[in-house]
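First comes the structure, then the notes that go with it.
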Amino acid sequence: MLLDTFGRTATDLRVSLTDRCNLRCTYCMPEEGLQWLGKPDLLTDDEIVRLIRIAVTDLGITEVRFTGGEPLLRPGLVGIVERVAALEPRPQMSLTTNGIGLERTAPALKAAGLDRVNVSLDTLRPEVFQQLTRRKRHDDVLRGMAAAREAGLSPVKVNAVLMPGLNDDEAPDLLAWAIEHDYELRFIEQMPLDAQHGWQRDGMITAGDILQSLRTRFDLTEEGADERGSAPAERWLVDGGPHRVGVIASVTRPFCRACDRTRLTADGQVRNCLFAREESDLRGALRDGASDAEIVERWKAAMWGKKAGAGLDDPSFVQPERPMSAIGG
Ligand SMILES: C[S@@+](CC[C@H](N)C(=O)[O-])C[C@H]1O[C@@H](n2cnc3c(N)ncnc32)[C@H](O)[C@@H]1O
């Protein structure tokens, strides 16, 4: 098991498949993109599957979530999903994606064994999408989501980040639209993980702001702590249910005490927290011929040192060197 000194157990593995992305969301990346990892630095498909196998069979991982960068840009994605689905015990598998290309790939991903997807969409307005992502791909994202729902990759969860002056007036419209299309909407507070280091605590839209805005149109009833478990999203029943809306208050109400995550970057580094400043190198160990037992020990040691909290509200907080796209969001 992957334990830490505060008694938490990691059972949820986030695997970044690439640091590249085909969008340039302003809260994530600069317009010109970043210095991408070179091919030799990336884990191969075989290395990824081996590490996931070790995590599932020897370390108690029960959920695997593929992310990036944009994971649909990884050529071997469907094959990786298929091989992970064949593991015993079989983990739950999901994909966090911007949805571009999902229209084409959703049926193959479902057939390979993927359970569900989270698609990121911050706005219903194509012109605001272009301002936020610096790309004209709004329609591709909408078609990708619909294809995922048709393929049975459900519930399709939608992740939305609100940015002041751009889409912060859209929370009720996004919720009405999600309910109409049977998507499960979750708002995520903007975190200090952008490559440009432009995040400002004073400028961000908080969970409190989002709830206030939603309540202008909907009646929200909070679900109890039992339903939340280790999930990062606090959830509210909308107008008495059955639809729900989630808010991930990573900054103003962090969920570190219940955190059950471990992360693997596309270049094979274990991170015990999104905001960690240290990583543990598994790629080097793999390529030096480490046995499964040696990988297990390294991974356990990396998780044992996990801090109590991410410390975002601490004045001494320092943003991690790698941005969200390189860690895996
Ligand atoms: C980094 S992306 C990676 C996966 C995929 N490309 C996608 O768009 O979902 C994962 C999620 O992180 C969110 N995200 C990126 N930067 C963020 C930030 N600074 N604060 C909060 N969420 C952020 C994105 O909106 C997206 O929902």
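Backbone N, Cα and C define each Cβ position, glycine as well.
Per TrEMBL, GTP is bound by ARG14, THR96, LYS157, ARG261, THR262, ARG263; the candidate from ARG50, ARG65, ARG298 named for the same site is ARG65. Binding of S-adenosyl-L-methionine is annotated in TrEMBL for TYR27, GLY69, SER120; the matching candidate from MET191, MET303 at the same site is MET191. Here the Cβ of ARG65 (GTP binding site) has 21 other Cβ atoms within 10 Å, regardless of which shown protein chain they belong to.
Listed in sequence order, the binding-site residues near THR96 (GTP binding site) (C-alpha within 10 Å of its C-alpha) are SER120, out of CYS25, CYS28, SER120, CYS256. With respect to their backbone Cα atoms, ARG14 (GTP binding site) and CYS273 ([4Fe-4S] cluster 2 binding site) stand 11 Å from each other. As a whole number, the greatest separation of Cα atoms within the S-adenosyl-L-methionine-binding residue list TYR27, GLY69, SER120, MET191 is 16 Å.
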